[in-house]
């Protein structure tokens with residue numbers, strides 16, 4: 001019986017890979033002994049240099065210009081047309097396959113006939129002030145249609161009315177301050193919070209837990225306006241009428257809210273919308289800082305507790321609740337009329353078949369959808385991905401082929417909760433867990449123009465450093481230096497000043513399902529701002545209509561050299577992972593990281609030294625497991641350096657041990673309340689999805705433990721998660737031992 005079309009997914013994309021597996025594997029592994037000589041090592045390096053020199057800044061510029069002319073929101077016709085354009089180009093570049101893979105997911109849009117806004121109402125219910133509905137279009141885009149107005153996707157609909165309370169960034173600690181120290185109750189109130197510091201979905205969750213009946217989000221100039229820079233279009237700062245779009249889900253890795261854990265195909269069972277995962281039950285709406293100033297101007301109540309609660313608007317930043325003076329009797333009313341509907345989205349999946357190990361995959365993926373034009377997010381990443389695919393295609397057309405299969409992915413609906421990438425990961429989980437070497441993310445290539453930023457698994461640290469040394473720095477004053485040298489000088493690691501900083505992976509982009517759920521080694525790289533001096537959040541015009549091609553060309557990267565460096569780094573990582581005989585992971589770096597993370601979580605626990613003794617909580621099993629892992633890693637590294645490269649079975653065994661190590665840190669039961677976050681060593685912070693947390697089970701169990709109702713139960717939970725972490729690390733160490 002023919003396989004149903006809708007079940008093909010990855011299989012449709014790599015039919016040639018699987019069909020040639022027996023021949024390729026047999027010929028590559030068993031008939032021809034591997035000849036790893038100086039010549040072949042030199043050949044490997046020469047191909048990498050060809051790849052890097054093939055990439056051109058002007059091509060990235062052209063792709064960015066082409067892809068940002070029109071809005072391409074997930075689920076729209078324009079984004080499908082862009083998917084087809086990318087598919088056509090990949091085929092032209094010489095990829096072996098390029099296919100559209102669709103899913104039917106829940107998306108959220110504003111009501112076209114019933115606008116979202118916030119108003120101030122008098123004692124008679126008359127609206128005396130209304131926030132703006134649209135952002136003024138930038139120069140040259142006045143006639144562009146289908147621009148979605150600012151909104152927060154998946155906000156509940158409704159018209160709550162009540163007193164206003166200012167809650168700073170709506171972080172957990174902000175609500176603790178209000179409730180525990182200032183005795184301010186947010187129950188039944190509408191709260192207003194600044195964007196920044198944490199993921200907006202966490203802000204909404206915190207507001208719900210505090211009992212608020214609605215939350216207004218705005219970008220304060222203190223967080224989104226750099227000193228001495230003009231607002232767009234004269235500079236790259238945020239105009240006062242601009243508002244940041246974004247989803248406010250708390251999916252915790254679930255993917256499509258109606259099909260958590262399973263791909264959203266035609267045959268899939270769906271939850272009723274009222275049972276959908278992660279959707280807030282209160283209205284949420286974003287506004288610009290001009291409108292926010294009007295709402296905050298006459299807030300009464302307590303003064304801000306300290307200067308960290310004050311932004312840069314010309315207001316007192318009083319907390320409320322409610323207004324003072326002539327506006328004493330007035331309230332806030334929210335009008336939110338979003339519509340949630342099941343919508344078809346499209347990923348583009350392309351492949352270059354591996355010559356020797358076609359059943360081993362290296363994935364390079366980035367999202368295509370944007371809120372409006374996507375000048376930075378994501379289309380600098382899309383343009384970079386396109387140039388990498390073109391350059392690999394050029395090598396293939398010249399007769400080269402990677403040792404392992406390379407999969408290119410253009411994801412849809414990332415802005416709606418990482419949906420396209422997660423659904424594809426769910427549909428192909430069994431294949432990916434068995435065969436994937438690594439996932440490299442290709443979201444925005446820039447978020448600033450100061451230096452490189454890398455977040456990755458410790459397995460990739462040394463490879464990142466290696467390829468960064470082989471790429472020229474694009475930075476002014478470093479013309480004869482490498483990317484590694486400029487990165488090291490500008491952002492050294494706080495733990496080791498002799499190496500550049502590499503961050504832990506959190507979430508917020510499409511690597512999430514691959515790393516946090518499936519345990520596939522993952523990494524991301526982009527150019528960023530100077531975090532020591534630039535205190536604004538993200539980049540000022542993030543997720544607004546002013547993210548245009550001109551923003552990038554005129555201000556962020558006029559030469560496109562920063563994006564070229566990112567393309568070369570991402571491309572070189574993919575090349576090394578796909579074509580090196582021995583997978584270029586460094587397991588000893590994982591051992592060092594575990595040692596540091598164990599010491600860090602233990603130091604946090606020392607704040608509760610007496611309680612640790614009272615409840616007989618010991619970290620000894622964790623330290624013992626880390627020690628055993630370190631010894632196993634050292635022994636594995638020794639054997640890896642001695643492996644007979646002419647023995648393909650020996651190489652394959654050790655490569656598989658490396659490939660599967662990240663998988664060994666996966667707990668099938670997941671973290672408490674977050675079952676799709678299954679990595680025991682790393683997870684997004686429970687209080688900020690964007691940030692990575694180490695030993696998240698232990699950390700979450702200890703968070704605010706002094707205020708838990710039952711201390712014995714709370715400390716028992718800490719013991720449990722120390723035990724889980726110790727077991728997992730010990731089991732991972734076991735996977736590194738010599739094969740019997």
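Any Cβ shown, glycine's included, is placed from N, Cα and C.
Per Swiss-Prot, the substrate site holds 247, 414, 507, 508, 524, 525, 526, 542, 543, 689, 690; the candidate it also names there, chosen from 200, 469, 652, is 200. In Swiss-Prot, the Zn(2+) 1 site is described by 367, 377, and among 291, 306, 443 the residue recorded at this site is 443. Residues 377, 543 are given by Swiss-Prot as Zn(2+) 2 binders; from 415, 512, 576, that same site also lists 415. When secondary structure is read from DSSP and collapsed to three states, residue 656 (active site, charge relay system) falls in the helix class. With respect to residue 426 (Ca(2+) binding site), the closest of these binding-site residues in Cα terms is 689, chosen from 377, 542, 543, 689.
Ranked by CA distance from residue 689 (substrate binding site), the recorded positions 185, 377, 415, 603, 628 have 415 at the top as the closest.
Of all Cβ atoms in the protein chains displayed, 27 besides its own lie within 10 Å of the Cβ of residue 414 (active site, nucleophile). On a Cα basis, residue 628 (N-linked glycosylation site) lies 37 Å away from residue 423 (Ca(2+) binding site). According to its DSSP assignment, residue 508 (substrate binding site) is coil. The Zn(2+) 2 site, placed at the center of the C-beta atoms of 377, 415, 543, has further neighbours from the same chain whose C-beta lies within 8 angstroms: 245, 246, 370, 371, 374, 378, 542, 547. Around residue 679 (active site, charge relay system), the C-beta neighbours below 8 angstroms that are at least 6 residues distant in the chain are 515, 516, 517, 519, 665, 666, 667.
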